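Enquirer: One structure coming up, written as structure tokens, with questions to follow.
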Amino acid sequence: MTSENMAILFEVLQYMKEFREKTFVVKVGGAALEKEEAKTSFAKSIVFLRHVQVNPIIVHGGGVEITRLMNQLGIKPLFKNGYRVTDEKTLQIAEMVLEKINKDIVLKINLHGGRAIGVSGKDDNLLLCEKDIANGDIGYVGKIRKVNSGFIEKLIAQNYIPVICPVGFGEDGTTYNINADVAAAEIAISLKAEKLIFVSDVPGVMKDGELIPYLDVRNARKLIEEGVVKGGMIPKIQCAVNALKAGIKSVHVVNGEIPHALLTEIFTLHGIGTMLREI
């Protein structure tokens with residue numbers, strides 16, 4: 001083993017010790033799970049985290065698959081500021097697609113030695129919502145009012161890896177689609193997680209084609225104002241800022257198409273994506 005490899009090994013061991021018994025909320029987007037190799041790499045990375053006594057909680061999206069099915073059905077997908085406009089038909093499609101993705105992720109993790117369990121935001125009052133009107137009326141899109149963190153903590157105590165589908169409910173029983181980035185951030189805040197990690201299909205936060213390895217809250221907001229951050233990255237950065245202001249120590253954006261990018265980002269000094277901190 002070379003001296004360089006030894007140095008990396010010591011880095012990994014140091015971080016493993018630091019993060020033992022800590023909670024990581026990992027949001028994985030549908031686009032990052034398009035390829036079989038990416039699915040396998042992600043599942044193995046999550047199982048590794050559990051083996052080194054980190055508590056991973058997965059929140060998954062499904063935007064790519066939802067859009068694909070809508071197009072196949074002749075329904076035009078609409079977005080506003082990165083958020084999906086969700087009428088009743090779109091909500092039905094979203095729930096169906098998200099349920100399938102949830103089962104696929106659970107199966108993949110379990111096949112690689114994990115103990116994952118799939119849950120919906122409607123299970124045990126996990127995600128109580130109200131209609132989100134921050135971007136105008138965009139239909140059945142929910143703003144989370146309360147997270148039943150005790151439910152998740154019970155699952156962790158039983159050595160489960162929770163895989164959460166971002167669908168919630170209102171006090172009147174109305175079902176709401178929740179942006180998965182928002183759901184992940186709110187769950188991380190509720191659990192006082194150590195890290196919030198976005199596994200996407202881009203290297204991280206980009207400017208002029210170059211990766212930005214480190215960002216603080218002030219500069220993250222500036223990138224949104226300047227239009228550098230746009231589309232689906234807007235909710236991620238907004239959620240990252242909210243999480244950091246609420247006490248989450250760091251937020252990361254990594255490319256799930258790179259094998260084990262999640263572990264490289266967490267367990268090495270320089271990482272592979274973008275790390276955001278408050279200052």
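Backbone N, Cα and C atoms are what each Cβ position is placed from, and that goes for glycine too.
As annotated in Swiss-Prot:
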type	residues	note
BINDING	GLY62, GLY63, ARG84, ASN177	substrate binding site
SITE	LYS27	site 'Transition state stabilizer'
SITE	LYS236	site 'Transition state stabilizer'
Enquirer: If you run the three-state DSSP split on ARG84 (substrate binding site), which class comes out?
Expert: strand
Enquirer: Assuming the binding residues for substrate are exactly those in the record, GLY62, GLY63, ARG84, ASN177, what is the maximum CA-CA distance in angstrom, rounded?
Expert: 11
Enquirer: For each of GLY62, GLY63, count the other CB atoms within 10 A of its CB; which of these binding-site residues has the top count?
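Expert: The most densely surrounded of these binding-site residues is GLY62.
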Enquirer: Which one of these recorded positions, LYS27, ARG84, has the sparsest Cβ neighbourhood, judged by other Cβ atoms within 10 angstroms?
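Expert: Checked LYS27, ARG84; of these recorded positions, fewest Cβ neighbours within 10 Å: ARG84.
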Enquirer: If you skip the near sequence neighbours and keep only those at least six away, which residues in the chain come within under 8 angstroms of LYS236 (site 'Transition state stabilizer'), Cβ to Cβ?
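Expert: In sequence order, the residues whose Cβ lies under 8 Å from that of LYS236 (site 'Transition state stabilizer') (at least 6 apart) are ASP181, PHE198, SER200, VAL253.
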Enquirer: Please list, in sequence order, every residue of the chain apart from GLY62, GLY63, ARG84, ASN177 whose Cβ lies within 8 Å of the Cβ centroid of the substrate site.
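Expert: So the additional residues around the site are GLY61, ILE66, THR67, THR86, ALA94, VAL97, LEU98, PRO166, ASN179, ALA180.
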